[in-house]
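Listed in Swiss-Prot:
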BINDING   184, 414, 415, 569  chloride binding site
COMPBIAS  46-55  compositional bias 'Polar residues'
COMPBIAS  1003-1012  compositional bias 'Low complexity'
REGION    667-681  region 'Scissor helix'
TOPO_DOM  1-98  topological domain 'Cytoplasmic'
TOPO_DOM  121-129  topological domain 'Extracellular'
TOPO_DOM  152-174  topological domain 'Cytoplasmic'
TOPO_DOM  204-229  topological domain 'Extracellular'
TOPO_DOM  277-402  topological domain 'Extracellular'
TOPO_DOM  421-429  topological domain 'Cytoplasmic'
TOPO_DOM  454-485  topological domain 'Extracellular'
TOPO_DOM  514-534  topological domain 'Cytoplasmic'
TOPO_DOM  579-592  topological domain 'Cytoplasmic'
TOPO_DOM  633-1139  topological domain 'Cytoplasmic'
TRANSMEM  99-120  transmembrane segment
TRANSMEM  130-151  transmembrane segment
TRANSMEM  175-203  transmembrane segment
TRANSMEM  230-250  transmembrane segment
TRANSMEM  251-276  transmembrane segment
TRANSMEM  403-420  transmembrane segment
TRANSMEM  430-453  transmembrane segment
TRANSMEM  486-513  transmembrane segment
TRANSMEM  535-555  transmembrane segment
TRANSMEM  556-578  transmembrane segment
TRANSMEM  593-615  transmembrane segment
TRANSMEM  616-632  transmembrane segment
């Protein structure tokens, strides 16, 4: 039976005294000046964390003092948290081009200007830019026509579908944008980093083409407003008859569009700052125009504007060629013909030959804007689709028709339909009016808090614009006559912009406002598209585009601007706003589709890095948005959709063709094997990206003689970490030879597989037979996994009762395991008290998972609670993070920085900074160190039986008590675990305690105690204390039955005749014990009731003579805690703030 005795020293009645100056002097001695001490660590440095960038001087300062001496060997690769937090919390991403600008200034030798930190908030940085990009040319030039053709009901459905598509995309985009810091690069960065370079490049180029064609659309809108509504006389090409007007207009659009494009490209080339300066002016024009529309709607309810339209029968007449809506007019007492008569008749005389329809039908004049109170909404409720060349007619008007087949003279002043219209065409034309939702994410580098601003600003902007569009559909249908709505260019209202006729106070507000807004939108497109192409080019994923990554010294994309202008010219040569709009709809819809796909894939995969701060998303919403985008692509134009998908597919294959390989197996299993082989070969190409890091576990378990797992809780914990979605290998080692123990290995594998299935652990099992345990574990660590699918984390249990083992190889194997994982750059998880860990059926209804973040080793400590809380066992546990502040640290600022850092990490946790100031090393620490070193000497230099070991250590402790009390009679308390275990017993036995109590307040024995106030003179004198010994029954029986000692008792006492003094202790061990004791006191105080405590695991010493001391340090560090997980990072595991 294993036994343990506890030596407890009760405080004296008098006041306690602190250690004398001599001991104090040694307690603060500089450890770097101690002779013969080796503090270089274990010789297996971990990989440097990507967050670490400290100088050697800083490293030297980080562990001055005693509080963190236990972790001083980690400082080369893992800095103290206090020295790291400020840089992480105050991370700022520079706007695109600022780095190149700084480099150019440095090359010129000029004085570098400080880069201003981003200061834009949600309103100015996201909301207003999104409004400016969403509201555009379609609202002013085409929405009234869409309502007139499709009717209020279908237009409402159209607007609702398109706005729903963008809203779902914005939700997905918000999830991606808040999944880490999004540097300058915006939507392309988000897509490419979420779906990989192939999809990212394909979708990025589609988004670039969409933005470029959007610039062409805005320029065409600008020219249409200029020539149709502002200065019609500026037209260069004029038609000889009505049938040639359309062709003349297209040529005018091409000429003026090319000129405007050249001017805009020049402005962008000269300096984007001018574009940004006028951005607010252009936005003000948009908002003012929209407010004018609503003001006009309100005014029309009680005072409609006067815009009469002329009808011949039920046919709408264009007002360009006449002024009086009548056939005849009275001049005095004489009846004369009007100009309208001359348009339909052969002469101005009453007996002239006139058009038959003109002769049979009357001319009437009605108000084009009856107003909101007119009840017109019922007439405009349903659709009136037209074919090309058809006259726009008013329903409900009496008309004397002509015989079927009678040709219509195109020279007559009717309002004709210029194109065949149908629902899907209108969707393609309208959809560009809801694009522009990426404007906020494109400015992510300029935002003060992108994770907060992008979701809030984008969703509010979409909600605002959607409300404006939906209300505009209803209000246009309620206020404007149907024939006017179907009149695309406002010919029936004297060539006025249709929406301008409704505006108040004047139609010119809308005309001028829409002109400047379309100019501004065109400039924004020509500014954003080249930068997007530059970002794609600099990624190097499309080799032939790399030339466009170069630019001016300040980072302006000169070559990319040139290519953008050339592509934009293609859209201008098309010259039709209605033809260009469906093209850019395809590219934007494809971009939005892949944004939704990225969010759905990330949500379903549940990778450890997927931690969006935006919570209101779901994979079903993303899938719905993706399906809606795909449907809208084919609704708008199925052939354009196929072309766009073909372009994206070709780009995808071009990017990945070097690594692509097709291989077909026979049957599903053959296909699976081929896919697995292909995936493993792809993984072999390079190490995984930081964002894709996840714990790939190698779980080391021990099996008993019946090949059953000794600690099944390890596999339960593995199952609870399955949110990491990584590889799991459960390994075990059997001692012996392969030929003799192969059957046992097979049984062990079957037993482990059954337990894995019961615990729902998805992974592989591997049992190794080796001549000794250390080599077997080393082989598992080195050879586990296949190709790129290898473990990066080792999970193992703490060696229970390591003090009680006859064979010291048990804890030596453990320390060698720590060294080998460090050498292999693997993370190590050590569970202490694993039998107390919960099984999968258990549930914690409350409690906390406490993280003690002492040194930064890559973020593994942060990741593990996040993964555990995804499991139902730990789901209701809150996460608390504690970090330690030293004397020179500002604990208040540390708490703020840590809170900011966790915000960037998208992790919700309570934060507390624990202050550990420099303090004198207590007598208890000296006593613990003394006994540790004495026991180490005994066990190393003498081979005693178990009973002798107990008796001699007890004797040494009693003899050294007087020396210790002379040095410091303060409150001392000593615990020694000296076990006894029956031979061959590998199972843990219940421990029984023997207490040796030194009662300083009890009266001493007269024969051995000095007189009052007298100090003991000889170190061999009996200590003036009353000693109580409590022995268990089993202990007594064992003491009676113990055999003769092979070593003389006198010889043992001669060996320890030297008296232990505090001065003779290794000061490095004292400082490390001081760290362990102080940290343990703080951790127990704060986290005694925690369901799980995670803390950094210090590395083992280089000098193997101190291995047992290392075990003792860890034991002291974690005592009095129920469930502990020691975490030692390898440097490759990183929990990143990036998306």
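Yeah, the Cβs are placed from backbone N, Cα and C, and that goes for glycine too.
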Candidates 175-203, 251-276, 430-453, 486-513; stretch with most C-beta pairs under 8 Å toward the transmembrane segment (535-555): 175-203
Segment proximity, the transmembrane segment (486-513) to the transmembrane segment (130-151), 3 or more C-beta pairs under 8 Å: yes
Chain residues in Cβ proximity to the transmembrane segment (616-632) (below 8 Å; excluding those fewer than six residues from its ends, i.e. six or more beyond): 161-162, 164-165, 168-169, 171-172, 174-175, 427, 431, 585, 589-590, 592-593, 596-597, 599-600, 603-604
For residue 569 (chloride binding site): DSSP state (helix, strand, coil): helix
Segment-level pLDDT (mean, integer) for the topological domain 'Cytoplasmic' (514-534): 89
Stretch of maximal Cβ-Cβ contact with the transmembrane segment (175-203) [cut-off: under 8 Å; candidates 230-250, 403-420, 430-453, 486-513, 593-615]: 593-615
Interface present between the transmembrane segment (593-615) and the transmembrane segment (403-420) (three or more C-beta pairs under 8 A): no
Secondary-structure category, per DSSP, in which residue 414 (chloride binding site) falls: strand
Contact set, same chain, for the transmembrane segment (486-513): CB under 8 Å, 6 or more residues outside the stretch: 139-145, 148-149, 225, 228-230, 232, 285-286, 288-289, 292-293, 295-300, 305, 307, 309-310, 316-320, 368-369, 384, 386, 392, 415, 417-418, 476, 479-480
Per-state residue totals over the topological domain 'Extracellular' (204-229) - DSSP helix, strand, coil: 26 helix, 0 strand, 0 coil
Around the Cβ of residue 415 (chloride binding site), the count of other Cβ atoms that are within 10 Å: 23
Long-range Cβ neighbours of the topological domain 'Extracellular' (454-485) (under 8 Å; 6 or more residues past either end): 122-123, 125-127, 130-131, 134-135, 139, 143-145, 147-149, 151-152, 155-156, 159-160, 163, 166-167, 170-171, 173-174, 177-178, 182, 290, 293-294, 297, 300, 307, 309, 311, 316, 366-372, 374, 376-377, 379-381, 384, 392-395, 415, 433-434, 437, 440-441, 444, 447, 492-493, 498-499, 501-502, 614
Same-chain residues near the topological domain 'Cytoplasmic' (579-592), Cβ under 8 Å, at least 6 residues beyond its ends: 138, 165-166, 169, 187, 191, 203, 206-207, 209-210, 213-214, 216-217, 220, 425, 428-432, 435, 438, 571, 625, 629-630, 632-633, 636-637, 640-641, 643-645, 648
Sequence-distant neighbours of residue 569 (chloride binding site) in its chain (C-beta under 8 A, six or more apart): 216, 258, 261
Nonlocal residues around residue 414 (chloride binding site), in sequence order (Cβ under 8 Å, 6 or more apart): 312, 315, 316, 317, 318, 391, 392, 408
Same-chain residue ranges lying at least 6 outside the topological domain 'Cytoplasmic' (421-429) that approach it to Cβ under 8 Å: 138, 142, 146, 149-150, 154-155, 158, 161-162, 383, 385-387, 578, 581-582, 585, 632, 635-637, 640
